[in-house]
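Database features (Swiss-Prot):
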BINDING   192, 193, 194, 195, 196, 200, 334, 335, 339, 423, 438, 529  ATP binding site
BINDING   242, 246, 312, 334, 335, 339, 347, 440, 444  (E)-4-coumaroyl-AMP binding site
BINDING   263, 446, 447  CoA binding site
REGION    265-334  region 'SBD1'
REGION    335-402  region 'SBD2'
């Protein structure tokens, strides 16, 4: 059954899910929604700490989160105040985030590997009143904390001037203040990656996150089918919205167990899957690539995994096929999201309770209770099937706006509620969405459009190439030409000419790579997106091969 296409008065062609709309309890605060069915799985595992195998039950997680809420309140945090969570994946991240939600407070999440300047910039921009971190990162905010009366809480050892997280947990959960949380109140403030400009605070509301989680896991035929016997691998950083939403919040809603890894290590990762019988693996392309290329995979039994989903960046067909062979019982597919969209716009219907057939390379179909359209970037007119254009989404799941930036908000969200993603894609005859590339990342060769993602998919399919990124280089005659940054596989001596020849045999003339630069690593954001602006900056500075 195809998505419904409605012709609006404006002439827009609007795409909707193959799945019927569902009731979503948008009046509930996020924590109430996540724990709505708590009595059904009180004693079941909620969090499993991969570092030490400690298990926290659902009852323990809910109780500890309420204690943390009281502890934060005693330190002065009130409704609509902001806390900063500067942590790698750990149970305390979960307690802090849910605890803040109970207070009607806001969590802004930051990468603990940020420089001190980056951390302070986000703390200042978000008006954070407390930072929750580890002792090894506390120094990054020390001076700013002293100057601005900012309290620093450490989850391990507490250096001088810091509060230990255990003090929060000692609070009496019955002393939680009575707050009236509105559906449109902000609960999470992630900062968008900044790959197309300066990082901006993305205001995600209780209603927005409840809607997004429900679009994935609620309903008789859930789009992303999960249940209380599932174990999700949480290796993606919780400070990124993909992991926070599609791993943590979705799992909490259905009563599944969440296996927490602080960071990705292929050997430990492969060891934990059979040890804890992991059933669902939410990954990003760099992890998928590591699995596909690792010789260690054959030493482990990965048969428990029934779902492998990839998001944050497009995954090529060849990489999909390579990983499919590693997980014998898993359905493999992609989702598509962006922070501003809450984040999920599309999800693979092979993951549904009653699955649909899908095509390799597609990144799903639009989620239910939402609308999608494809527009011409130049004219703004909506486009029919199979024509690439900018992807736009509308629904209760999208952000409220950018914090203190009404101009950027107005540029991103139209008055009619359409959020412009800046991504180029098309919807085919079977209602599946295909991402072509980022609008701003398209290379223009004499007016022809060259999509870096297409060339990258070809490059990493070469056995002597372990990773690659393609960016534009200014050219006097052509305007821009594609150049590649390539990471050689171990022991490889592949040359620039060999790489160029490999690509030229597979693409039209204007897509041929003009230069190849060999590098140790391709710079990427925590979510796995290639940091093209860093590579363009190296070109501008006159990189030498």
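FYI, residue positions are counted from 1 along the chain as it appears here.
From the backbone N, Cα and C atoms, a Cβ is placed for every residue, glycine too.
The structure, with features from Swiss-Prot marked on it.
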{"residue": "192", "record": "ATP binding site", "Cβ contacts under 8 Å, 6 or more apart": "199, 200, 202, 338, 339, 340"}
{"residue": "263", "record": "CoA binding site", "Cβ contacts under 8 Å, 6 or more apart": "88, 89, 235"}
{"residue": "335", "record": "(E)-4-coumaroyl-AMP binding site", "Cβ contacts under 8 Å, 6 or more apart": "224, 246, 309, 310, 311, 344, 346, 347, 348, 363, 364"}
{"residue": "444", "record": "(E)-4-coumaroyl-AMP binding site", "Cβ contacts under 8 Å, 6 or more apart": "450, 472, 479, 480"}
{"residue": "446", "record": "CoA binding site", "Cβ contacts under 8 Å, 6 or more apart": "477, 478, 479, 510"}
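Across the region 'SBD2' (335-402), DSSP classifies residues as 6 helix, 23 strand, 39 coil.
In the three-state DSSP assignment, the secondary structure recorded for residue 242 ((E)-4-coumaroyl-AMP binding site) is helix.
Each residue contributes its Cα atom, and for residue 438 (ATP binding site) and residue 242 ((E)-4-coumaroyl-AMP binding site) those atoms are 18 Å apart. For residue 242 ((E)-4-coumaroyl-AMP binding site), the number of other Cβ atoms no farther than 10 Å from its own Cβ, over all displayed protein chains, is 26. The binding-site residues considered are 334, 339; of these, 339 has the fewest other C-beta atoms within 10 angstroms of its C-beta.
On the 0 to 100 pLDDT scale, the region 'SBD1' (265-334) averages 90 in the predicted structure. A gap of 12 Å separates the Cα atoms of residue 242 ((E)-4-coumaroyl-AMP binding site) and residue 334 (ATP binding site).
Summary for the binding-site residues 347, 438: the Cβ-based neighbour count within 10 Å is maximal at 347.
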